[in-house]
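Contents: one structure, followed by commentary.
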Amino acid sequence: MKNNNNDKMDKKEQQLQQFVRQNEGKIMTSNEGVKISNDEDSLKAGDRGPTLIEDFLFREKMAHFDRERIPERVVHARGYGAYGEFELYESLEELTMAKFLNDTAVKTPLFIRFSQVAGSKGVNETNRDVRGFATKFYTEEGNFDLVGNNIPVFFIQDSIKFPDLIHAVKPEPNNEIPQGQTAHDTFWDFIANNQESAHMAMWIMSDRTIPRSFRMMQGFGVHTFRFVNKHGKSHFVKFHIKPVLGLRSLIWDEAQKLGGADADYHRRDLWENIENGNYAEYELGIQVLEEADEFKFDFDILDSTKLWPEEDIPVRMIGKITLNRNVDNVFAETEQVALHPGNIVRGIDFTNDPLLQGRLFSYSDTQLYRVGTNHQELPINRPVCPFHNNQRDGASRYIIDKDRIAYHKNSLADNTPYTVPGSKGGFVTYPSLVDGRKVRETAESFEDHFSQARLFWNSMSPVEKDHIMQAFSFELGKVQNISVRQQVVNMLGHISTELATVVATALGVEVPKVPESQVKKSSPALSLFNTKHSPKTLKVGVILESGFNGRETNYLLEQWKKVGLQPVIVHDELGVVKGTDGIELKVDQSFLTGSPLLYDGLYVGVSPNANENFLWKTKSFLIDTYNHFKPIGASEAAAPILESIGILGKPGVLVDQNPQTFSKEFIDAMTIQRFWQRV
Ligand code: HDE
C-alpha cells in the first residue's frame, strides 16, 4: 500500500519519492521538453510519401524504444520484488556492531526480490526450480544485501564451477529446450559427474522447489558469515528467514498445470496480497557458532553443500520482516535492483567459503555489465545514508559532484572526503588468520557428499519421500541418455538403497550395488510437515448456482473471512449470482476464467438439479480439487453430486449439516490443506 503522507514514509520511500513522476493529466513533450502536437503521424513528404529523417520526434521515440531492454540476469532472470521493513527484537550488541542489529528503535527499510534460477525472464512461475530470496537492507550505515535462496545448501563447493552448472541447467544450446527446467540430459549429467551436488539434488527434488507462495517459503543465507562485535570478537553465523504463515508447497501435477492456468501465479499472489493489506511476514533468524567450535562438526562449516542442523545449533529469531509496499515501476525498481553478497556493513564479514568468495566478484561484475557503471546511483540501489568519495564519471552519471578535488590524499580540500578509523564507524575487515600455499585443490574436509543427503532423506515424512521418488523418476525419465540415468541412480544408491531401487525400477535401469550412507540421524526441522500452518490468505473457490441458500452461504463466507480465508465466488457467468433471502453476490470468476488449480479449497453450493453443463463443470472442479488432496466442502443439497463422483465421506470432504460446526471444520481442513490419506 502506498503512503501519501510524507511523515509516515520511511527514509527509503522518501528518497524514492524525489524520482517518482506522475504523467497523468500532463501535456506530452519530447525528452527535451518540446510540446508535441501529433504523436500518431510521422513527418512525411506528402500524406502517402516516405518518412523524413528530419522527424526528430519520431527518431527520439523509436530510438528510445529500440533500447528499452537491458540484458536479463544470467541466472535468476524472472523475479518479483516488494518493499518493507525490518524490526529488531532485541539488541545483538554482544555479537555484532552493525547498528541495525543493535538498536531496537530503528526500523530498517528493505527491498526483497524473489526469483527463479534457471528460466528466462518470461518463464512459468510454478516450474520446479530453486527460488532466490534476496534482501537489500537500507541501513543507516550503508546497504547490507542478504542474497539467499529458499534452500539452505548449494550444488557446488567452489564458485569456479558455477558457469558449468548453469550451462548444464539452462536450455540445451543446440535446440534451446527445455525452458526453466532441470528435467533434461545435460543437467543430470552435471549432477552425476559432480557428486558434491548430491545433497542439493535431494532438496530440489523435494516439494521445496514448488512453493505455494513467496509468502510461504523459507530463505537462507546459505554461506557461513561472520558477526564481529565492538571488541573485535567474531562469531560464525548462518542466516535464516522463516515465513509467519508457515511453509507450504504445491504438488507436482498442480505446479505443471498452473503454468497454463496462471503463468504469473507467484507475482500475482504477492502483489494482490500486499495491495489488499495482507502483508507478507517473516522472521529473521541466526545460527551462531563460537570461533573455537569451527572444527567440532563432521562437516566443514565453510562448505556450502552442508547445513547446520537446527537441533544441534538452534535458530535464534532476531527480528521481523514485513513486506508492505509494491513497487511503482517494475523495471525501474525490481529489474534495476543490483544485489550483491559483497554489500556488507560494519559488524558483518565474510568467511573463506570458496563459493562465497567467488560470488563476491561475480555480482558486482555482472551489475556493471547489466545495469552499468553507475548502477549504485539509481534510486532503488542508493543507500539512505550519505555517501561521498572520489569515484567519478562513467556512462550515465547522474550525480553532479561540484568539487574541484577528486583525489585522496589532498591538501586543497583539507584531505576530504576523509576516512574514519574503525573506532569511529569505519569499516575494518576482520583480521582472520590466513596461511597456506597457493594451490588449486579442494580441502579433504569437503569430501563427504552423502551424509547430509541421507540426513535430509531420513528427515522426510513418508509423503515427502514419495514425492522425492516421483520427482526423480519424472526428471530422469525425461533424460534420453541411458548412461546418464544409470549414473544418477548409482549416485542415489550412496544416499538410500530404497530411493535408488524405486527410481531404478521406474526408469528401467539397474539397481546399483553400492554401499548406502549409514547416517541414522534426522533433523525434523527439515520436513515441510513440521511447521505451523495458518489458514490466512488461502483461497476458497465457492461455486454457487442461482437460488443458492443465501443466508447460510453468507454466514459461511463471513466466518471464513474472519480467519483470513479469501472466498472467490464462481458461477457459470460473470456478473452477480442471486440466492435465497434476497442475497446477491458478485461473481469473481466464471468456470471459464477460474480454475480449481487457483484455489486452495473448494465449496459447492449447487444442487443436482442444476443444468447439465453447470453440473459437469462443478464435477470437473471437484475432481481436480480432490485429486490435489485439497479440502472440499458442500452444502447439504450438493451431497449427491459428491456421491456421484465417489468422493462423499472421503478424508477432507465435508458436508454442511450444521453451518456453525461446518464452518469451523472447514477452516480446520483448510489449515491442514492436504489430505494425503486419499490415496
Ligand atoms: Fe547467484 N548470481 N551465484 N547464488 N544469485 C546471480 O547476479 C553466482 C548463488 C542468487 O534478485 C547473478 O545480479 C555465482 C548462491 C540470487 O537480483 C550472478 C555463484 C546463492 C540471485 C550470480 C552463485 C545465490 C543471484 C546473476 C556461485 C544463494 C538473484 C544476476 C558461487 C545463497 C539476485 C545477478 C536478484 C544472481 C552469480 C551461487 C543466490 C551471475 C558465481 C549459493 C537470489 O552474479
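Cβ coordinates are placed from backbone N, Cα and C, and glycine is handled just like the others.
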Check your understanding: Say TrEMBL lists R73, F162, R359, Y363, R370 as binding heme: which of R113, R128, R316 is in the same site, per that record?
Key -> R113
Study note, to complete from the structure: In the same chain, residues at least 6 away from the ends of the region 'Disordered' (22-47) whose Cβ sits under 8 Å of its Cβ atoms read 54-58, 60-61, 64
Exercise for review: Take the C-alpha atoms of Y363 (heme binding site) and N149 (active site) and report the distance between them in angstrom, rounded.
Suggested key: 15
Check your understanding: Roughly how many Å separate the Cα of N149 (active site) from that of R359 (heme binding site), to the nearest whole number?
Key -> 14
Study note, to complete from the structure: Looking at the binding-site residues R73, R113, R370, the one with the fewest other Cβ atoms inside 10 Å is R370
Exercise for review: Pop the mean pLDDT for the domain 'Catalase core' (29-416) in here, whole number is fine.
Suggested key: 98
**Study point:** Three-state secondary structure, which DSSP defines for R359 (heme binding site)
**Key:** helix
Review point. Near R359 (heme binding site), which residues of its chain come within a Cβ-Cβ distance under 8 Å, counting only those 6 or more away in sequence?
Key: V147, S159, P341, G342
Check your understanding: Rounded to the nearest angstrom, how far is the Cα of H76 (active site) from the Cα of R370 (heme binding site)?
Key -> 13
